[in-house]
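TrEMBL annotations:
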BINDING   Glu248, Asp249, Asp272  divalent metal cation binding site
BINDING   Asn418, Asn462  (S)-malate binding site
COMPBIAS  1-12  compositional bias 'Basic and acidic residues'
COMPBIAS  568-578  compositional bias 'Basic and acidic residues'
DOMAIN    96-263  domain 'Malic enzyme N-terminal'
DOMAIN    273-531  domain 'Malic enzyme NAD-binding'
REGION    1-26  region 'Disordered'
REGION    568-590  region 'Disordered'
Amino acid sequence: MSSQSHPKDTKHPRFGHLPLSTSGPEECALTGTSLLRSPYHNKGSAFPQNERKDFKLYGLLPPNVQTLDEQVKRAYEQYSKRGNALGKNTFMTSMKDQNEVLYYKLIQEHLKEMFSIIYTPTEGEAIQNFSQLFRRPEGCFLNIDDRDRVEDNLAQWGGPEDIDYIVVTDGEEALEIKVPTGVISYSQPYVPAYTPQERFRSCLIVELMSVNSVTIFHALLTRWKNDQLLKDELYLGLRKPRTRGEDEDFGLTNARRILDNYRPKIACFNDDVQGTGCITLAAILSGLHVGKLKLSDMRLVIFGSGTAGIGIADQVRDAIAAESGKSKEDAAKRIWCVDKPGLLLKSMADSLTIGQGPFARDDKEWHGKDHKDLLSVIKEVKPHVLIGTSTKPKAFTEEVVKEMSKHVERPIVLPLSNPTRLHEAEPKDIYEWSEGRALIATGSPFPPVEYRGKKYEVAECNNSTAFPGIGLGNVLSRSKLLSDKMLVAAVKAIAAQSPALKDPDKGLVPDITDVREMSVHIAKAVIQQAVEEGLATEKEIPQKDEDLEEWIREQMWEPRYRPLMRVEKAEASTHGRGELGSGGVAKQAK
């Protein structure tokens with residue numbers, strides 16, 4: 001290697017033989033302009049002299065060889081000059097189409113600043129303008145009117161041995177935004193995806209999880225329900241009314257049924273249901289630690305009993321049952337769920353969803369008591385924890401918070417509705433109404449709050465703190481299922497890293513900027529639990545904590561340029577030939 005070649009890669013050689021190892025060179029059968037057009041392999045001005053020679057790049061690049069850090073500096077300057085948030089979002093889309101390593105490295109260096117650009121709220125605007133912003137397709141589109149081709153469509157992404165992670169959506173809606181059918185490339189958070197949430201989740205698979213092995217992103221084209229979009233001449237989805245009834249097996253209203261059906265059969269995860277529940281439960285556990293209260297002694301009121309609210313209730317119930325040895329039915333008695341009609345009661349059985357049913361209260365408990373509004377329920381229950389997933393702005397009024405604070409020394413108040421305009425209350429008001437005693441986490445980022453000369457950090461209950469590590473643990477352990485105990489292990493791993501454990505004025509859950517490191521701890525807990533339950537199928541998983549962490553880190557993709565080894569096309573892996581979509585791991589050179 002010349003002085004301008006890549007330095008020798010010595011990262012964790014002990015586990016360098018693993019199929020998902022990120023050490024050593026990677027093969028590449030592309031040369032010349034074909035190589036420069038491959039976002040997975042392209043290094044742009046950072047190609048060293050030896051690779052410019054070996055891969056026939058002389059004359060195709062400026063002569064000066066630059067470092068990745070220098071490229072990041074230039075890219076950030078270009079990003080900063082974009083006039084508005086959507087322009088920055090679109091810039092990131094274009095960058096990923098050109099150079100994936102640079103794209104992820106830029107995000108890694110400026111994650112806190114870019115989070116609102118690549119995720120809520122900016123991605124909502126990008127999603128709604130998907131057809132206008134469309135440049136090139138990404139992912140796998142499965143058409144409901146062309147079901148016979150599903151197997152052929154999937155085969156283009158390789159065989160079963162090539163696929164580690166699948167993200168599926170029908171694009172019905174996300175973050176209260178109605179999403180155009182078939183949206184995949186809505187902006188460019190971290191990797192291709194479909195709805196604001198699915199794209200972001202998929203991107204986090206690489207940036208935070210961090211597995212850059214083959215991930216298929218499915219957009220189920222199930223027709224759209226927005227007449228205005230259907231009339232748009234640029235609209236790219238099916239120009240038909242949205243599918244409902246028997247043919248619709250993936251819509252928002254079917255989330256619980258699908259999850260319950262497939263969890264006993266395959267390793268699957270619904271982030272709206274389980275991801276929200278995991279990160280919220282972690283915040284609760286941290287808050288209870290500060291308040292010196294056991295989970296099994298806690299009283300919880302959830303205001304908003306839709307998918308997210310019931311997902312939280314499920315996680316909390318399961319954790320109480322695991323901690324106390326109680327049945328899930330008994331554990332559910334510590335939870336009171338409130339929705340539009342008021343407190344959920346068993347007499348409402350005909351109108352309750354499958355998920356709501358187990359949390360409906362016995363009518364006899366509330367005979368003669370007012371249960372139609374939140375304040376009345378708060379007065380009667382005297383909860384330690386109040387969670388908002390209602391999307392009803394200002395629902396946590398001064399009277400509600402003060403009533404709760406009368407009976408609890410350290411009330412835990414979690415207004416989680418997104419986007420910010422739909423929050424049940426603002427942190428500054430909650431601190432004032434509780435006289436600084438409340439422990440708060442929100443669904444969107446908020447700045448620190450000052451109250452009576454003291455500064456309080458407001459944690460964000462963002463699912464992205466939880467699901468990357470859960471996914472990483474599942475992929476690396478090759479677990480047959482994702483069990484309740486594996487999720488509880490993930491929650492405990494998150495809660496154990498809570499800044500509030502050392503200082504109650506800090507956040508209840510770790511900051512998003514710490515998620516990459518958090519993913520290691522979460523994955524370790526998930527893998528160990530999978531092994532304990534006999535669900536892990538990966539062979540020779542290290543038993544010692546320090547060895548397991550090293551094993552995990554070796555398989556975590558990082559945004560750095562690895563040396564390329566030229567191979568003949570016939571000998572190369574699918575990715576080495578540049579024939580897979582975004583996010584694949586090339587065969588390691590031996």
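Every residue, even glycine, has its Cβ placed from backbone N, Cα and C.
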Would you identify which of the binding-site residues Asn418, Asn462 has the most other C-beta atoms lying within 10 angstroms of its C-beta? Asn462
Report, as a single number, how many Cβ atoms besides its own are within 10 Å of the Cβ of Asp272 (divalent metal cation binding site). 17
What Cα-Cα separation, expressed in whole Å, is found between Asn462 ((S)-malate binding site) and Asp272 (divalent metal cation binding site)? 11
Using DSSP, how many residues in the compositional bias 'Basic and acidic residues' (568-578) fall into helix, strand and coil? 3 helix, 0 strand, 8 coil
Distance from Asp272 (divalent metal cation binding site) back to Asn418 ((S)-malate binding site), taken between C-alpha atoms, in Å: 12
Taking only the residues in the domain 'Malic enzyme N-terminal' (96-263), give me the average pLDDT of this model. 67
